Amino acid sequence: MFQAAGAAQATPSHDAKGGGSSTVQRSKSFSLRAQVKETCAACQKTVYPMERLVADKLIFHNSCFCCKHCHTKLSLGSYAALHGEFYCKPHFQQLFKSKGNYDEGFGRKQHKELWAHKEVDPGTKTA
């Protein structure tokens with residue numbers, strides 16, 4: 001059924017009755033790579049090669065690659081990603097415009113709050 005990539009090898013074999021030798025033809029066996037099972041980042045099920053899609057180094061089923069907001073099926077040319085979440089371009093723009101920045105528009109704490117002024121010790125001088 002399958003043929004090996006290499007030529008057949010001749011291997012000597014001893015005849016059980018007379019101790020004579022004969023030649024047995026064996027084909028080189030081809031190695032089957034152990035395939036790593038890849039799982040979909042959205043549904044955590046096995047992804048087979050025909051349904052595999054990679055976006056931002058994450059693996060998805062074609063059908064699982066959807067907008068987080070409206071669940072529309074996305075393609076590699078029609079998505080925008082932020083913080084590991086995927087959006088269709090219209091919703092990405094709509095959510096971004098609603099607050100005017102990435103953090104608030106997508107329900108996160110504003111980055112500037114992380115840099116809020118801390119209380120300064122009254123004994124220290126500031127320039």
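Note that Cβ sites are derived from N, Cα and C of the backbone, with glycine treated the same way.
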Review point. Looking at 1-24, 25-48, which one is region 'Disordered' according to Swiss-Prot?
Key: 1-24
Practice item. Between Cys40 (Zn(2+) 1 binding site) and Cys67 (Zn(2+) 2 binding site), find the distance joining the two CA atoms and give it rounded to the nearest Å. Key: 15
Study note, to complete from the structure: Long-range Cβ list for His91 (Zn(2+) 2 binding site), cut-off under 8 Å, min separation 6+ in sequence, same chain only, gives Cys67, His69, Cys70
